[in-house]
Amino acid sequence: MGKVYYVSKNVGLGMLVLAVAALATIIALSIAYDKERAKNRGKPGDEATDSTSMPPPPTTPFIPKEPWDHYRLPDSLVPLSYNVTLWPRLEPDARGMFVFTGHSAVVFRCVKETDLIIIHSNKLNLTTFYGHHAKLTGLGKATVPTIQKSWLVVKTEYLVLQLHSRLAVGSLYLLYTEFLGELADDLQGFYRSEYIEDGVKKVVATSQMQATYARKTFPCFDEPAMKAVFNVIIIHDRATVALSNGRDIVDSVIDGVPVSVTTFEPTERMSTYLLAFIVSDFVKIQSTQNNSLLVRIWARRKAIADRQGDYALSVTGPILQFYEHYYNATYPLSKSDQIALPDFNAGAMENWGLITYRETALLYDPMLSSTGNKERVTTVISHELAHMWFGNLVTLQWWNDLWLNEGFASYVEYLGADYAEPTWNIKDQIILSDVHKVFAVDALASSHPLSRREEEVNNPAEISEMFNTISYSKGAAVLRMLSEFLTEPVFAKGLSSYLNTFAFNNTVYTDLWDHLQKAVENTPGMHIPHTVHNIMNHWTLQMGFPVVTIDTRTGSITQKHFLLDPDSVVDRPSQVSGEDWVLANTNVSGYFRVNYDLYNWDRLLSLLSTNHQALSIINRAQIIDDTFNLARAKIISTTLALRTTKYLSKERDYIPWDSALRNLDYYILMFDRTEVYGALQAYLKKQIQPLFEHFKTITANWTKVPTKHTDQYNQINAVGYACGMGVEGCRELIKSWYRQWMENPHHNPIHPNLKSTVYCSAIAFGGVEEWDFAWRMFKNATLASEASRLRAAMSCTKAPWLLNRYLEYTLDPTKIRKQDATSTIQYVARNIVGMPLAWNFVRARWGYIFQQYGKGSFSFSNLINGITKRFSSEFELQELKKFKEENLHVGFGSATLALEQAIEKTTANIKWVTENKAHVLKWFTEESK
């Protein structure tokens, strides 16, 4: 570990005194912040005309000329420590604004001679000192240059100080700033969350710094490699509690001012994107682990009183113990706080020592929540705790290697969850949730390699775009493949060496390969055909994956790049070489698809028909998913893929059924507006009916819950698809349950596992009465997962006017929270009636939607993906291209790649429908008899 520099205790105490003394200055900061506020305002439906929207594309490419024109910081200064004081106001000021004030002192070392200080600052009103935006002092014997001028650069989000002379290499300096910012409800940086409890509106100040929003909270060197120690003080109302990354060590008050001052222990050396600051009146439950580690769950008072945090607390300890053993490294901090927030854009964020969650990802009610809610809580906690070491203790140098950070956590989350809940067999679900999911994206010509060059990822939109399915799910798939190839003990040994070597520092992804290679070389009797570097370069530096074709008659094995559209042009092609049935890629440990000669396919299909349990559950799912995607790529016939579903009337296990339904969903999306749908519906009704009857029997006519974890999921599939396909008795069952609830709203007879399916179906079969009842229940829900279910279900109505009204609600944060707006639009688009309504809605309001959600939201790309899933006609393709052209002046932000992929997918859909519609209609018609 490199040498860590701390501000001395005396300086730290001095800063605390300064915090108190500066309060008068902070309170008196300029009212001119109204201008900054106005930049972020717009009317729903307006095009983005404000000064913060993306500028029109220039006629010639922008070429950076000055150091402050580059999005990357110069390498001349290195931060060592910060003293940050923040004071969020949870009441609006005289202008109706919520603001925060504060000051920061960053100690940095000069490592290259320079007369410039460039530091990130965005949307902050900085106090001027003698006409400059900051004060600069030298530490020790350093001679401090005077400031010639200072200015803010909006495009690259910098504060720049031009000095009269150069800073000296090796010397330490302190830069002091005072600032005022808006505590906006934009879910970025230091922001405001509001909720109603017992009829009273309450306000929370909370934060989301990843990837580039720490600079919106205080001036800082806001890059992952610019690690430092943070000394934090938060000033807050005495009725509230303040939380940050470190444990609070001093709580004091200021005479004459109705506030508390909470001082936190210095953090470990860490990146700015992992900082967290929260002020609320939340309460906690807690436990102490064997090593005296304090574990706390924070949430709204009512949520804690209803014991919604108990389950999270019960699994956190075991998962932390698992990772300590797995990494062979103790948890590096003194406490582990986890907090459930009413407004949070992502699912969760791994802030070091203070993990933030959506309420649905942390809170669980054993009486009202479903098995799926419980699993989500477990896996998200496991994912975030995995980051406490991998990502936080050791951090990637730059965002181009984000895949290793998120891919790793997405893989080991299954291991941690399996340790906490061993009866779930959850490790198998990586096949459905990650491997099969990412295959669909990575088979596109517009996919991209896991690792990009640093120069390809610069500005905030490009960084946000890295938070995608490739980074998370392909990263998880190839790391799982590597782990199984090397064996888990060798993989864990190399991982432990990597973490202990680079603790509190930064790395590039090849550093992990080095340590895994050493683990291989130090394992007696272990030999691999090539180095870990050479093996993994094929999976990380090129896009896509191979399809391996095995000819069982000749013994030949060949492979080629798998593309859903074999006619598509690839910018970065993959470099690839090479009476019993044969099955390859057992347990789907390899990141590739498998094809066989027709003779072997026939034998495998015969085996499925006569004795499907001779194949493992995972391999049954693999056969289905491989054939459907091989058919999409024109490697095998569509009818061969459809034949893999014929045995399903005998299948009772969840993973094969879910694999089949996910693939058949594509057929539903392509054909539910055509004559094919009637035959398809009849076939699926025939296949799902035995499963529906099976669950009716084992649940004693729907009065009991299936024992197995995965059976509970498969029951949901059985009921949902049986009702959708018209199985007798299903719709009547759904309607009766929902009607009973409407007649007695205080007693819901629907089991939590089935609520999502029942709510959606009942609202689809019903009218305005059913919809309005769901809206009332949604507004009164005290459990976030229940509100989430109802929010999704209301998009299922078939009444266009209700759907249009619901879309308008997404523009009103008092009706639909900002964090939920884009996903609600996607839910409406998933509805066959709602799809054109959602598409028109988004096109008409793109400027406003982009302004509100498009510049930093990791999930914004899902909006484009969700709306265009059904697009399969030339008219829809032209509309999509026209939408792109008409909004170039607005921009697409983190959805830029998603838009290109939507055009590619629509083009492929058109070709596929044209080539397969007649064959599919014929096959479903014959097989449904």
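Including glycine, each Cβ sits where the backbone N, Cα and C put it.
The active site, proton acceptor feature in TrEMBL is assigned to Glu384.
Long-range Cβ proximity for Glu406 (Zn(2+) binding site), meaning a same-chain Cβ under 8 A and a gap of 6 or more residues, is found for Phe467, Ser471, Tyr472, Gly475. Look at TrEMBL and you will find His383, His387, Glu406 tagged as Zn(2+) binding site.
Annotated domain 'Aminopeptidase N-like N-terminal' per TrEMBL: 78-274, in sequence order.
The domain 'Peptidase M1 membrane alanine aminopeptidase' annotation in TrEMBL covers 311-539.
The feature domain 'ERAP1-like C-terminal' is assigned by TrEMBL to 581-906.
According to TrEMBL, the feature region 'Disordered' maps to 39-61.
The site 'Transition state stabilizer' annotation in TrEMBL covers Tyr472. Other Cβ atoms within 10 Å of the Cβ of Tyr472 (site 'Transition state stabilizer'), summed over all protein chains shown, number 22.
Positions annotated as transmembrane segment by TrEMBL: 12-33.
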Listed in sequence order, residues with CB under 8 A of His387 (Zn(2+) binding site) and six or more positions away: Glu350, Asn405, Ala409
Average pLDDT across the domain 'ERAP1-like C-terminal' (581-906), rounded to a whole number: 93
All-chain count of other Cβ atoms within 10 Å of His383 (Zn(2+) binding site): 26
Spatial neighbours, same chain, of Glu384 (active site, proton acceptor) - Cβ under 8 Å, 6+ residues apart: Gln338, Ala348, Met349, Glu350, Ile355, Tyr357, Ala409
Additional residues around Zn(2+), ordered along the sequence, whose Cβ is within 8 Å of the centroid of His383, His387, Glu406: Glu350, Glu384, Ala386, Phe390, Gly391, Asn405, Phe408, Ala409, Ser410, Glu413
